[in-house]
C-alpha cells in the first residue's frame with residue numbers, strides 16, 4: 001500500500017472515530033438537559049401524549065386540596081392551565097410562586113402532572129438555616 005493511501009486511511013479512521021465521540025457526547029447532553037415549556041407553548045402541544053415539563057406561576061387562590069389529589073392553576077401571565085397532581089407537594093410549593101410540572105397535556109386546559117418541582121431564586125435559604133444566628 002502506498003504511503004498516500006495509508007495516510008488517507010489513517011486520517012479517515014481518525015475522523016470517523018472523532019465523529020462518533022462527538023455524536024455520543026451530544027446525545028448524552030441532550031438527554032440530560034432539563035428545559036421546560038411555558039404554559040402558552042404547552043397548550044399548543046395539546047394531546048401529544050409525550051412527557052413534557054411546563055413552567056409557570058401558581059395562580060393565587062387556585063389551589064384545591066383533596067385526599068387523593070391537588071388541583072391548581074398555573075400561568076405564564078399570558079395563558080393558564082389547570083394542573084392535576086396526585087402525590088406530596090414539595091415544601092416550597094405555594095401560591096404566587098414558580099413551579100415546573102412534569103407530565104402530559106390532557107387537553108388545551110388541563111395538565112396531568114406526575115411530578116411537581118418548586119422553583120426558588122438564588123437567595124433561598126432553608127428555614128432551619130435562617131434560625132441559626
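Cβ atoms are placed via backbone N, Cα and C, with glycine included.
Long-range contacts of the topological domain 'Cytoplasmic' (1-7) within the same chain, counting only residues at least 6 positions beyond its ends with a Cβ under 8 Å from a Cβ of the stretch, are absent. According to Swiss-Prot, the feature topological domain 'Cytoplasmic' maps to 1-7.
Residues or ranges marked as transmembrane segment by Swiss-Prot: 8-28.
Annotation comment: Swiss-Prot describes 29-133 as topological domain 'Periplasmic'.
What Swiss-Prot records for 120, 124 is heme binding site, and it gives sequence analysis as the kind of evidence.
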Residue counts (helix, strand, coil, in that order) that DSSP gives for the topological domain 'Periplasmic' (29-133): 14 helix, 42 strand, 49 coil
